[in-house]
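Undergrad: Pulled the feature table from TrEMBL, pasting it below:
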REGION    1-21  region 'Disordered'
TRANSMEM  39-71  transmembrane segment
TRANSMEM  92-111  transmembrane segment
TRANSMEM  138-156  transmembrane segment
TRANSMEM  163-185  transmembrane segment
TRANSMEM  191-212  transmembrane segment
TRANSMEM  233-257  transmembrane segment
TRANSMEM  305-327  transmembrane segment
Amino acid sequence: MENESKPDTGTPGVPVPADDTPEVLNKALSGLSSRWKNWWVRGILTLAMISFFFFIIYLGPMVLMLIVLCVQIKCFQEIIHIGYSVYHSYHLPWFRTLSWYFLLCVNYFFYGETVTDYFSNLVQREEPLRILSKYHRLISFAMYLTGFCMFVLSLVKKHYRLQFYMFGWTHVTLLIVVTQSHLIIHNLFEGMIWFIVPISCVICNDIMAYMFGFFFGRTPLIKLSPKKTWEGFIGGFFSTVVFGILLSYVMAGYSFFVCPVEFNSDHNSFEVDCEPSDLFQLQDYALPAALESFTGWPTLRLYPFQIHSISLSAFASLMGPFGGFFASGFKRAFKIKDFANTIPGHGGIMDRFDCQYLMATFVNVYIASFIRGPNPAKVVQQLLALRLDQQLHIFNSLKTHLTERGLSAL
């Protein structure tokens with residue numbers, strides 16, 4: 001019809017990368033149709049990525065944190081590269097330099113906040129770290145202000161509007177990528193289980209939705225992603241919930257996964273060792289009468305975390321895909337198939353992590369709302385950082401308070 005809206009064609013597209021599928025796979029799968037060839041390439045590379053994921057989990061939380069940083073940098077590079085590729089003919093001064101400088105500033109701020117928050121005993125012991133911690137926000141602001149002034153000085157009369165577009169592009173990218181990766185690291189420090197289970201649920205949903213859609217998909221789900229189907233969406237949901245419950249049961253029994261990451265000042269090392277909280281202790285739950293008559297079990301023995309895992313897996317399968325839909329809309333806006341061609345059959349790193357960032361925010365909010373309580377260790381660390389007269393004042397106030405409540409042991 002004449003009054004139908006026409007697609008936006010005002011934005012130039014990004015050059016489409018050539019097929020980078022390994023030659024050995026191309027030869028081995030040469031006799032298959034493109035549909036089945038893509039299925040095998042994606043499957044083989046998915047198994048390779050899952051194996052690598054298991055390997056870095058084995059290496060421990062510090063390596064995981066470094067991997068998160070590397071993924072963050074690669075995702076940032078892919079998004080910034082799109083902006084640069086679209087508008088490269090304008091030769092914007094300092095665009096790439098300032099983009100990477102702002103990435104440095106934001107990472108310095110967030111990682112500094114994390115170190116100060118989680119490892120205050122280490123910070124207080126080392127004089128240089130104590131000074132950096134005390135003036136951390138001032139230093140961070142000065143660094144950002146320097147970049148801001150550099151941007152203003154780089155403005156060119158004939159490119160004002162485009163330069164401000166790119167300034168906004170960079171900051172939105174920082175908000176989406178760096179802030180979310182910072183939350184992922186915060187989740188990791190709460191215990192590796194809060195990192196592994198949500199990420200695994202997103203991976204499971206991605207795989208199972210693809211599998212159900214590939215074999216049973218008939219009904220389109222959303223126009224932004226024509227290959228997504230209702231069959232894949234529903235099949236992915238139920239598969240992910242079951243997977244989350246089973247994975248949580250396996251991991252909740254190991255202190256390596258459930259204990260927070262802490263710095264041991266006696267051994268000068270990061271440790272994952274604690275007495276697991278009630279969240280990771282098996283408990284008996286009475287079943288409703290209907291389920292009891294069906295199963296014959298009056299109670300069910302579960303870890304409380306398994307109940308929380310249902311919320312995590314439900315979000316991963318119901319809301320997580322909207323991160324992928326958002327990325328699909330972004331790619332359509334710039335007429336590209338993938339963010340990059342880093343992983344054959346999968347696209348760029350951002351193509352694999354578009355749902356993970358939304359999940360990271362949910363997990364962080366979920367922990368703050370329903371899980372995390374006052375941390376006595378952090379309170380003690382903050383008290384020890386005070387002057388002696390302040391510590392004595394708090395001691396006397398606490399002694400008076402406990403005495404009034406009938407605790408006279410002091």
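A Cβ is built for glycine as well, from the same backbone N, Cα and C atoms used for every other residue.
No curator has checked TrEMBL annotations; they are predicted automatically.
Locate each feature and note its surroundings.
TA: Residues of the same chain lying 6 or more positions beyond the ends of the transmembrane segment (138-156) and with a Cβ under 8 Å from any Cβ of it are 92-94, 98, 101-102, 104-106, 108-109, 112, 132, 163, 167.
Here the transmembrane segment (163-185) has long-range neighbours at 65, 68-69, 71-72, 75-76, 79-80, 83, 87, 92, 95, 98-99, 102-103, 106-107, 110-111, 114, 151, 154-156, 195, 356-358, 360-361, 363-364, meaning same-chain residues at least 6 beyond its ends whose C-beta is under 8 angstroms from one of its own.
Same-chain neighbours of the transmembrane segment (191-212): 42, 46, 50, 53, 57, 61, 64, 184, 228-229, 231-237, 239-240, 243-244, 247-248, 251-252, 256-261, 272, 280, 305, 309, 312-313, 316-317, 320-321, 355-356, 359-360, 362-363, 367, counting only residues six or more beyond its ends whose CB sits under 8 Å from a CB of the stretch.
Remote same-chain residues near the transmembrane segment (233-257) are listed as 191-193, 196-197, 200-201, 204-206, 208-209, 211-213, 216, 221, 272-274, 276, 280, 302-303, 305-306, 308-310, 312-314, 316-318, 321 (criterion: CB distance under 8 Å, separation of at least six residues from the stretch ends).
Sequence-distant contacts of the transmembrane segment (305-327), counting only residues of its own chain at least 6 positions beyond either end whose CB sits under 8 Å from a CB of the stretch, comprise 193, 197-198, 201-202, 204-205, 209, 222, 224-225, 228, 233, 236-237, 240-241, 243-245, 247-249, 252, 258, 279-280, 339, 350-351, 354-359, 362-363, 366, 370-371.
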